[in-house]
Amino acid sequence: MKDLLKFLKAQTKTEEFDAIKIALASPDMIRSWSFGEVKKPETINYRTFKPERDGLFCARIFGPVKDYECLCGKYKRLKHRGVICEKCGVEVTQTKVRRERMGHIELASPTAHIWFLKSLPSRIGLLLDMPLRDIERVLYFESYVVIEGGMTNLERQQILTEEQYLDALEEFGDEFDAKMGAEAIQALLKSMDLEQECEQLREELNETNSETKRKKLTKRIKLLEAFVQSGNKPEWMILTVLPVLPPDLRPLVPLDGGRFATSDLNDLYRRVINRNNRLKRLLDLAAPDIIVRNEKRMLQEAVDALLDNGRRGRAITGSNKRPLKSLADMIKGKQGRFRQNLLGKRVDYSGRSVITVGPYLRLHQCGLPKKMALELFKPFIYGKLELRGLATTIKAAKKMVEREEAVVWDILDEVIREHPVLLNRAPTLHRLGIQAFEPVLIEGKAIQLHPLVCAAYNADFDGDQMAVHVPLTLEAQLEARALMMSTNNILSPANGEPIIVPSQDVVLGLYYMTRDCVNAKGEGMVLTGPKEAERLYRSGLASLHARVKVRITEYEKDANGELVAKTSLKDTTVGRAILWMIVPKGLPYSIVNQALGKKAISKMLNTCYRILGLKPTVIFADQIMYTGFAYAARSGASVGIDDMVIPEKKHEIISEAEAEVAEIQEQFQSGLVTAGERYNKVIDIWAAANDRVSKAMMDNLQTETVINRDGQEEKQVSFNSIYMMADSGARGSAAQIRQLAGMRGLMAKPDGSIIETPITANFREGLNVLQYFISTHGARKGLADTALKTANSGYLTRRLVDVAQDLVVTEDDCGTHEGIMMTPVIEGGDVKEPLRDRVLGRVTAEDVLKPGTADILVPRNTLLHEQWCDLLEENSVDAVKVRSVVSCDTDFGVCAYCYGRDLARGHIINKGEAIGVIAAQSIGEPGTQLTMRTFHIGGAASRAAAESSIQVKNKGSIKLSNVKSVVNSSGKLVITSRNTELKLIDEFGRTKESYKVPYGAVLAKGDGEQVAGGETVANWDPHTMPVITEVSGFVRFTDMIDGQTITRQTDELTGLSSLVVLDSAERTAGGKDLRPALKIVDAQGNDVLIPGTDMPAQYFLPGKAIVQLEDGVQISSGDTLARIPQESGGTKDITGGLPRVADLFEARRPKEPAILAEISGIVSFGKETKGKRRLVITPVDGSDPYEEMIPKWRQLNVFEGERVERGDVISDGPEAPHDILRLRGVHAVTRYIVNEVQDVYRLQGVKINDKHIEVIVRQMLRKATIVNAGSSDFLEGEQVEYSRVKIANRELEANGKVGATYSRDLLGITKASLATESFISAASFQETTRVLTEAAVAGKRDELRGLKENVIVGRLIPAGTGYAYHQDRMRRRAAGEAPAAPQVTAEDASASLAELLNAGLGGSDNE
């Protein structure tokens, strides 16, 4: 009976677990895993191939080699199951136990585990508070360590050399205890009292003030507490028993010719066993100390190599000079256990083949070769054959399929019907890289792919291959059909625009059929409808392009969503009328009544989806494709050499440019311009010439002159094939046509600099040898770049996925009122992105009011769809506060309202959607399109940088924000604030343009004044920074002593003299401490106060400042007192493209970041040191001033006595995101990162929705540093998960206690991935050893919240359809129900019964 119970217990699967804990293994635990001790280094007998007894492959310890058969062959078959053979001692069971049964080795001397010793920071070193060097010297038998000092003057843990030890031994005898080797370290660890040590350290922490000491102490406290809380014992970091991996995980395979292939682990284990046995023997023989010591050291090294080869000293190599793969190497890296077997697996029921076009397929179909289908669906076919009674057994069915009998094909047809397959093209950069289709059987061996899904797969038909997978279970088929079918993935998850968009031939065909032509056959007819138009065209009575009137019936949706017909006569062409026949009801005719290019077609599909929904759009897309292909064939568009028309003016333009270049060369030789200026000018001249040539060429291609019906000449858009292809967006661009028929233009060298001699020829004329060489020179760089780019982009995607993988939508509404203000993106005079594009699909965080009133336009918590956005535009709303994932209050995951619309589906996001992964893919996927190049500012760009005025483009009124200004003597405004913005507002109050205005700019128009388009509203000198007085009065020089602090210089050309302030380095000793300044006094000589303060108006002058006033002159407010020359910013490289995106997400500090004000207050300068200035900010409220040392060469934007706000820029430069977070808060840093990333993508014309970047930013902000612990259990300065602090504070506040105060941290994506709560996820990402060591010591629990952890433990992921499963488990656990018990299968039951009966027959209880 006992056996029966045992059997039933063993049948229940123990799959139900909620978390995984990692901890140190105690020696007893290792013994409890083990099935026996491995005593011999032998593996298998090379003659009989049987495993040696007690060896590394011993059958007695690890289990039988053959199923249900003992080694000597006494017991065979199932009936002896569970018997232990008395001859060979092997249990009769399945051979797969050799994969799970472990053994152990009893070590003769303890050895340290290398991970806890050498993985930095060394855990053993930190725990004992001893330097790693010393511990290593003890472990590897170079010195002694004192364990008990006794009554002597020796300290515990003191290190003694051999001589010192012998001296001490003579002096004290056995009063004290000192040892060497791992035993000594073990004894030290064993005798530690962790709790008392903790108390002591906490006391020290409260007493000490030094920063470094505090850091060290907190580290130790954290480690000690981890040991106390996890129940790990410190001495377990020293191994006394070594576990042995099951033999089938370190196989030994006989090759032919009597050789063996073996896993490296066997070699490493053999060395350990050999040395261990030798040591045992030496100890038994009581060998001399020095020999034993050497053997112990060698054992330590052998164990080190087994655990992590190469971490200490040289790696042990095999016979072929390659380092052996240790246990640590088995789990880390791309080929390790995590990434090779747990996160990525090979799958059954899959095949791959080349793809070709399937233009006749429907959108949801793919062509599957019969051969492949037969192989993939074999089990289904066998099942069907048996079900029909066509085959009696599976074996017979197999035979039938092999013979390929006729009936098999009919059955294959049945099986395949309604059974979707998945198609995948590597690299799978986003979720549209795997889609489901219904297979259609075809002859041939290539998979046929629908042309419209090529864009999503990024596939072309030049030999690409794709893989097919068969979803087997019913659930999988359901998901494939409902979620992954290509017809359900019409919109791109990255930006919510259609991704199923016709391209190339289809676009050309539609463009051709919707073009109009002057005086075509049949012009001026009036037709009864599209049907008649098609009849006339087919019968050759009317041309496709003829301008005609057609009666068109449009359908419009009324308020109830019913379709209402409306008929009218339209001016159109025959082709457009024919195209109208396939447009679904409900769309306006205006949508096809134009020459349709790629953009127009995309817009048409988008409109169709938004108005009519999914099904009509899919049918429409298919119809568009068939029509496009048909008319592209009809058009007969082809490219001949005569289509490349070279403009006549080309030679004239080129000779003019050459003359200009010659002139500049002369100026250079006569020394009037520098080499750099000459180079820049030459490049400008050629760039301008190139533009002129290409303009002439395009004008030439674009139009042709024809005779119209009245016999007059008329210009019309040309039907030149090359022009049509470019104009429609089918293929090619103006730049490419320019190279064909204009001039090739300027070429770049591989380092990105431009070669100043352009290629004046084009491809039609042909290149000479020199030109050909120049053009290959730069082109090769492009190819090398592409290869690098792909790898880099893939790595960026991997890091992004890793940081965001556990972010899932977990609730509907977190109830927060927080959000971010959305305004249109305006750069200079252009609206780069209008407000509607930014808020579309977001949820409002607060009521949006009608501008100028208190009426609510859009209530809070409204999902802004297209209609709402139209309403916002009509009311010219300028800024909307929307919910954002960055400010979402959900603890684990985010809520649906903060995320908004699911871009790929068009409704609010569902719970369980894995938004983190979607965001990562959306940002990573276009990565390959970004440039790798970091571009230098060269040529035209550098002159544009030195702007000196603002000229507005539109008319409107001026609005200045954060501005301080004074009026000068001529009544103009002079700006005296730092980050002033000038906006142009149109009559509806919408911002049209926005400019930055520098300090000292003179405004022509004031705040709120009207300006006309093209008017200049502000001027300034770009090369100097003025010092402007805010008061009127008389100038009084202070500390300005000629020769000491200033020097007089006279300009040679004008003869005017000016004073120049000396740098402190140039001053004499007496002038070092003087501070030259200009004071403003009134006529009586009293100080004038700055208005609104009680500070006298005096302006301190920095070094190099130029003063053109004399002492005692009268000045008025707004005048320039002095000018500080600005060294031009040099050519700082702008990092662009992919590296810039990576820098932003890694939150790297820029080289010379902008210096921001840490607190608000008044600026003054303290005592200078040799190379630095001391900046002091004194708060107005009288709290402590803040000091900072700033290098002298940094240019400051502030003067003495100026008031700054916290977060203001003190010295220009690229801003460091950490500073923005610290000084301006979470929303500011979000805005900064989002805008910077978008700038890079916008340059490449890639559209990504802001919320994807916000999702990544949320993950970068997931840690917080504790500033003050309050009544919580956190340590001051500890970095913890933000959600944990929030939860802890909520509980504390509920109990009326003080919560912890914290500051948010910004981590780069790599750091953030490694700092996740889940150690499984972190270990599978990077630095596996370090992560696992840390986790084991702390005894971490992995709650399996993220996606990766669940994939690794082999569960459904808690997202998508798996979300419900996980919710259900949590609910059941909360209710305390038992998980559904797995049913025992019939065969298992019969087998176990047989086993029980056998055991009963054997009569002996082999326990």
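Using the three backbone atoms N, Cα and C, a Cβ is placed for every residue, glycine included.
Zn(2+) 2 is bound by Cys888, Cys895, Cys898 in Swiss-Prot, and the record lists one more residue there from Cys814, Cys869, which is Cys814. With respect to Asp460 (Mg(2+) binding site), the closest of these recorded positions in Cα terms is Cys814, chosen from Cys72, Cys88, Cys814, Lys972. DSSP gives Cys895 (Zn(2+) 2 binding site) a strand state.
In this view, Cys814 (Zn(2+) 2 binding site) is surrounded by 19 other Cβ atoms within 10 Å of its Cβ, with every protein chain counted. Cα to Cα, Asp462 (Mg(2+) binding site) and Cys898 (Zn(2+) 2 binding site) are separated by 44 Å. Considering other CB atoms within 10 Å as the measure, the emptiest surroundings among the binding-site residues Cys70, Cys72, Cys88, Cys898 are those of Cys72. Residues Ile355, Ala459, Phe461, Gly463 surround the recorded Mg(2+) site, their Cβ atoms falling within 8 Å of the Cβ centroid of Asp460, Asp462, Asp464, which are themselves excluded.
Of the listed binding-site residues Asp464, Cys888, Cys895, the Cβ environment within 10 Å is emptiest of other Cβ atoms at Asp464. Spacing of Cys70 (Zn(2+) 1 binding site) relative to Cys895 (Zn(2+) 2 binding site) is 59 Å (Cα to Cα, whole number).
Looking only at Cα atoms, Cys898 (Zn(2+) 2 binding site) sits nearest to Asp464 among the recorded positions Cys72, Cys85, Asp464, Lys972. For Cys72 (Zn(2+) 1 binding site) paired with Asp464 (Mg(2+) binding site), the C-alpha to C-alpha distance reads 55 Å. Looking at Asp460, Asp462, Lys972, the recorded positions in this record, the fewest other C-beta atoms within 10 angstroms of the C-beta turn up around Asp462.
Counting in whole angstrom, Cys888 (Zn(2+) 2 binding site) lies 43 from Asp464 (Mg(2+) binding site) by their C-alpha atoms.
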